[in-house]
Amino acid sequence: MMFRLAVATCLLLAVVATATAADTGEPEMEVQSSYIVHVAPAHAPRPSRRGVHARRTYVSFLRDHLPAHLTRPTPNVHYSYAHAATGFAARLTRSQAAHLRSQPSVLAVVPDVMLQLHTTMTPSFLGLEASSELLAESGGASDVVIGVIDTGVYPKGRASFAADPSMPPTPSTFSGSCVTTRSFNGSAFCNNKLVGAKFFHKGYEAVLGRRMNETENPASPLDTVGHGTHTASTAAGSAAVGASFYKYGKGTAVGAAPEARIAVYKACWEEGCGPADILAAIEEAIADGVDVISISVGFPGKAPEFHEDPIAVGAFNAVRKGIIVSASVGNDGPRESTAGNLAPWILTVGASTINRRFPDTVVLGNGDTFTGTSLYAGPPLGATEIPLVNGADAGSYFCEAGKLNTTLVAGKIVLCGIGMNTRAEKGEVVKLAGGAGLILVEPEEFGQQAKTSSHVLPATAVTFTAAKKIAKMASFSSRGPNIQAPEILKPDVTAPGVDILAAWSGASSPTGLKSDKRRVRYNIISGTSMACPHVSGIAALIRQARPDWSPAAIKSALMTTAYVLDNTGNVIRDMSTGKASTPFAHGAGHVDANRALDPGLVYDADADDYIAFMCALGYTTEQIAIFAEEGSEVDCPTGMRYAGDLNYPAFSVVFNSHEEEITQRRVVRNVGGNARATYTASITSPAGVLVTVKPRRLQFSARRQTREFEITFAPSGTGNVTEKYTFGSIVWSDGEHKVRSPIAITWPETESRVATM
C-alpha cells in the first residue's frame, strides 16, 4: 500500500505489478509485492548486526523459514529495521507472506499499499514575530533538528535552505549526513541549515512493480514534486525576503522555527509513498538523532489499526526515544470519521485558514457579481463579455481529458465540477479544448470555502451556492471521531493550512502538470500537509526551550493552551457549514505558540502508558509485541482496564445507552512558575450530560508535583438529546493559567435519529 501526501490534489495508486511466465510449460510463478515483516525481538539480529549485516541475516532468516517449494521467486530483502521497528521489508509472494505469518518467530506480515501526501504571513499569524517570547526563549531552536519525511528538497537557489554563518555548529547529538547522487550534490547543497538528505525508494518500486524512470524521477533526495520543499521550508526555513508566487503573497517567507536545522528523508515520489520506505525513513531519522519528525502523509480511505500502520509503529518507537512526531490528519473532510494518524502518541494536526485571501471576481452579463479565489498569473481576459458553457453541456461536467466538445468550448469560459481529476488538470483540459477560461465549482459539502489553486489559464474557484446562481476550519481537513480508538479525540490541534506560501521545487511546475513549463521559487498551496509543519516547527521551539519535557508533555502544552475563539470572539467557524466548528474538526483548538511555553499543568504519558492503552483496547499479545522493546516481555498491566483512562489532554466519551455512567481518570503535573498553586475546575457540560469532577480543586506545593482527578459523565435525561454528538470543556485555572481540555460525547443511535439520516 502507498501513502498519500496531504495536499488537496492527492496522489493515489493501487497498482500491483503483474508477472507472466514464458510459455515453456513451467507453472507460472506468483507475483511479488512489498511486505513489512515484524519479527519477534528474540529472533531478530543482535544489536551488533544491524544495517547491511542485518539485511543479510534476514536473507538467511527467510531461507530458514521458507520451505523449498516457496523459494521461487527468490525473496528480496530491501530494508532491515532496528529503531523504528524490529524486522524487515521484502518482496514476497502471497504464499511466502502467508507462510511467514504462520511462524512463531514472526509477529505480523503487513502488505504495502500506496500512501498519500496530505497536500509568509503564518509566523506573524501564529504570534512568532522576532520579539515573541517563544522565539526569544528558544533562540529559534538552533540546537534542534527537524526530520522531514516527504518528497525530498530542492535547495538550489532557495534562501530557505541557505547556509547561515551566524548559526552555531550542527548539534553534536545529530549524526546524519547528505548523500550525493548524479542529481543531488550533497556536499554542495548541505550546510549548517540543511544538515541531512537521504532517500528511500525500494518499497515504492516494489509496490509499483517496476523501476522508476531515472530521467523524470531520479533516485536521490532531490524534490521533483515540490511538496517536500514546501513542508520543510514551512517548518524551519530561513527568512526569504521578497518571496511571492508571482504577484501573490509578497513578503518575507520564514519557517515556524527559523533557526532549527532540517534533515530531509525522501520517502515519497510522484505516485505516492511506500510504507516500507516511510518506516525506513523513520528508522534512519531515529538513528541520526533528530529531535522532531514531521510527516504529512497518510493512508487512503479508512485508517488502519495501530499494529498494521507503519507510521504508528515507527512513531511509537521514535516517541519512546524522546522524539516528537507531528503528522497531518488528512484531507478527506468534511465527512466525519475521516481522520488519519490516530495513534495517541502522534501529534495530529488539522488545517485552518489565516487572515489572507486571494480573491477574484466573476461578473455575469446581467451584472451579478460573485467573489471567488484564484492564483492565475498570466494575462487577464479583459473587459469583453465572454460566453459561458457548462461542462456538462459540452461533454463532461468534471472536464475530463478528451471528453469536452471543442466546438462548444472554443473561446468560452467553462464551468467545471470538482472530481475525477485534479483542479490544475481541469484547466489544462479546457485550454487544450480551446476554452478561454475556467470556473471551478466547489463541492456542496465545502460550504463557504472556495479553494485556491494555480492554473495555466484564467480560472476562478467559487462556492457551490454561487455556482448554482451562475448556471475557517478548512472544509477539506479530515474529521473525527477516531475510528480506531473513539476514546482518543483527533485531530489534536489545528494550524494554518490554507493558501500557504513556501519554497517550491525548480524541477516541478506550480500546477504539477508536465505541460506547464513555468518554474517558480515559491508556491501557494493548501492542505493539512501545510498545517503539520507549522506545528512541527513550534514543537521544535518548545523542545529547545523546555528540553526536559517529554513528547507527551509538549503535546499537552500545545493542546491545553490552544484557542477556539476567532478574532470576533465567536467559536472558529467550520467553512463547510458556516456554523461553529466542533472538537472533531478543530481538536483542542488552534495552536497558540507563545502560550504553550507556559501551560501551567501538563498531562504526561510514556511508552508503558501507551502499551497499557492498547491492552485496554483488546490488542493481542502478538500485536502489542510489535511495539515492545527488544528483550522486554509483553505483559498487559492491570492498572488500565479502560482506554479512556489514558492520560490524554482531552476527553472523548462513547455512551452505549442513555443510562450509562462513565468515569475517566487523569494525572496532571505542575510545570508553572509557582511551586505553590491551587487550580480550580470549571466545566461547560455537553448538552444532555451531567459532568462532575473529583476533587474540584488541585493543590500543589512544589514544581513537577502531580495530582490526580476523576471526571464522571452521566446522561442527565433519557431522550433529551437529538444530536449524534455533543461537546463541552473542562478548564483548570489558578488565576494565571487556563488549562483547557475539550469534551466530546458520542450518543447511541436512536430510532428518531436513524429515521432522519
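The backbone N, Cα and C atoms fix where each Cβ goes, glycine too.
Automated prediction, rather than curation, is the source of TrEMBL annotations.
Annotated features, as they stand in TrEMBL:
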- 1-21: signal peptide (SIGNAL)
- 34-118: domain 'Inhibitor I9' (DOMAIN)
- 142-570: domain 'Peptidase S8/S53' (DOMAIN)
- Asp150: active site, charge relay system (ACT_SITE)
- His227: active site, charge relay system (ACT_SITE)
- 387-470: domain 'PA' (DOMAIN)
- Ser529: active site, charge relay system (ACT_SITE)
- 645-745: domain 'Subtilisin-like protease fibronectin type-III' (DOMAIN)
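Under DSSP, the residues of the domain 'Inhibitor I9' (34-118) split into helix, strand and coil as follows: 31 helix, 28 strand, 26 coil. Separation of the C-alpha atoms of Ser529 (active site, charge relay system) and His227 (active site, charge relay system): 8 Å, rounded to the nearest whole number. Each of the active-site residues Asp150, His227, Ser529 was assessed for Cβ neighbours inside 10 Å, and the highest tally belongs to Ser529. Here the Cα atom of Asp150 (active site, charge relay system) is found 7 Å from that of His227 (active site, charge relay system). The average pLDDT the prediction assigns to the domain 'Inhibitor I9' (34-118) is 88.
Counted with DSSP, the domain 'Subtilisin-like protease fibronectin type-III' (645-745) comes out as 1 helix, 58 strand, 42 coil.
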